[in-house]
Structure formats: C-alpha cells, structure tokens
Amino acid sequence: MAAKKFVVDLNKPLVCQVGHLGEEYEEWVHQPIMGKEGPRFFHSGVLEVLTRTAWWVIPIVWVPVASWFIYNSFRLGLDTPRLPLFVLLGIFVWTLAEYLLHRFLFHVQTKSYWGNTLHYLLHGCHHKHPMDSLRLVFPPAAAAIIASMIWSIVKLVSTPLVAPAVFGGILLGYVMYDCTHYYLHHGQPKSDVPRSLKKYHLNHHYRVQSLGFGITSPLWDKVFGTVPPPSKADAKRR
C-alpha cells in the first residue's frame with residue numbers, strides 16, 4: 001500500500017506542519033497563495049508576534065546602527081575623503097552578499113523535518129505567501145544573527161580603522177535591499193527602472209524560482225549566469 005501523502009492544513013499553524021512534507025516540500029512551497037492575509041505560524045501568541053515585522057521597522061532599527069559604525073571609523077581617525085568611499089564599498093559588498101545569501105541559503109533544497117521547518121521560517125514562507133506584508137522583511141532579531149556573522153568576516157579581512165565604515169555601508173545596503181524588496185511586492189512603480197526591477201523579481205517568484213536572485217540589481221545574476229530566460233511574451237516583442 002502506498003504511503004498517504006501529508007496534507008498541510010492552512011487553517012492551523014503552519015510551522016509545525018511543513019516539516020512533515022519531506023521531499024514534497026520543495027514543490028509545495030513554490031506554489032504561491034496570493035492572499036494578502038498571512039497564515040498563522042505558531043500556537044504561541046508570543047512567537048507569532050516575533051514573526052511579523054512592518055517594513056518601516058528596518059530603517060528605524062538599522063540606520064542608527066549603521067551610522068554608529070560609520071562614526072566609529074571617523075572617531076578612530078579615518079579621514080573624510082576616504083570615509084564615504086569605504087561606506088560605498090560596503091554597500092557594493094552587500095549587493096554580492098544579498099545574491100549569495102538568496103541563492104545558496106534562502107534557496108537551499110531540503111527534505112528533512114527540521115530542514116523544511118527552518119527553510120520555511122527563513123524564506124519559504126515568503127515564496128508560499130509572497131503578498132504577506134508583515135513577513136516580507138527580516139525580523140531584526142534574525143537579521144542581527146546574520147549581521148554578526150558578516151561583521152566577524154569584515155573584521156577578519158579589514159583593518160580596525162576601516163572595518164566599521166565598511167560594515168556600516170553593508171548595513172545601509174541591507175536597509176536599501178529590504179525596503180526595495182517590500183516596494184517591489186507592494187509598490188506601483190511608474191518609471192522604467194523600478195518597473196523593470198519589479199518585473200524581474202516577480203518573475204523569480206512566479207515563473208523561474210531557481211534563477212533571478214538579485215533584488216536591488218540583476219548585476220550578480222549577470223556575472224554568475226543566473227539571469228532567467230525571457231518569457232515567451234518577452235521573446236515575441238524582441
């Protein structure tokens with residue numbers, strides 16, 4: 001007798017269920033539900049609140065932190081002409097980190113109970129419910145864990161003088177990334193560049209989830225060959 005497939009009940013908290021999908025999780029999580037109302041994650045009200053973050057929390061939390069790091073480089077003696085250059089370097093480094101995290105961590109394939117569960121919390125929930133506005137940006141506590149790892153790497157490869165400025169730039173890049181990501185889902189861009197970015201990102205969600213990992217820019221997709229092929233409609237227009 002064939003084993004009965006596990007069916008997720010969307011009316012119950014999802015986090016404790018998705019792990020049971022096993023190998024079917026990958027297909028399930030990439031079948032988006034378009035409603036703006038997000039699902040319940042946990043039975044616990046406290047844990048549930050911690051999974052929800054409004055987009056404006058990101059700049060409120062992280063811009064002051066980034067400014068503090070940048071100021072530390074200035075305080076330690078990094079001169080004014082070089083300070084903005086290292087901040088810009090940090091923003092550029094973030095664009096690469098954004099791509100690598102999205103491609104290799106957020107889209108890691110899992111099939112174990114805990115692998116599926118952790119992936120769903122990290123990024124799978126966004127692909128399953130892409131219009132859930134309160135689970136689109138990273139909760140500050142989760143972002144702080146990744147930020148601390150990046151800070152350790154920056155300290156390792158930079159001098160004590162420039163490391164805070166570079167890391168401050170990385171944090172500013174992250175703020176731009178998360179705010180841009182929110183806008184691409186919920187904004188209605190009128191000009192060509194943001195409209196193109198929105199189309200590029202929604203293509204990643206609804207057509208080719210295994211390509212098109214850039215959010216703020218397709219730069220690193222072009223470098224690493226992960227630009228999705230044009231749709232049939234786009235190909236006809238050319």
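Positions of Cβ are set from backbone N, Cα and C atoms, glycine also.
Just so you know, TrEMBL annotations are computer predictions that nobody has curated.
Database features (TrEMBL):
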TRANSMEM  53-71  transmembrane segment
TRANSMEM  83-101  transmembrane segment
DOMAIN    87-226  domain 'Fatty acid hydroxylase'
TRANSMEM  136-154  transmembrane segment
For the transmembrane segment (83-101), what are the same-chain contacts with Cβ under 8 Å, counting residues 6+ beyond its ends?
70, 73-74, 146, 150, 162, 165-174, 176-177, 213-217, 219-221, 224
Could you give the mean pLDDT over the domain 'Fatty acid hydroxylase' (87-226), rounded to a whole number?
96
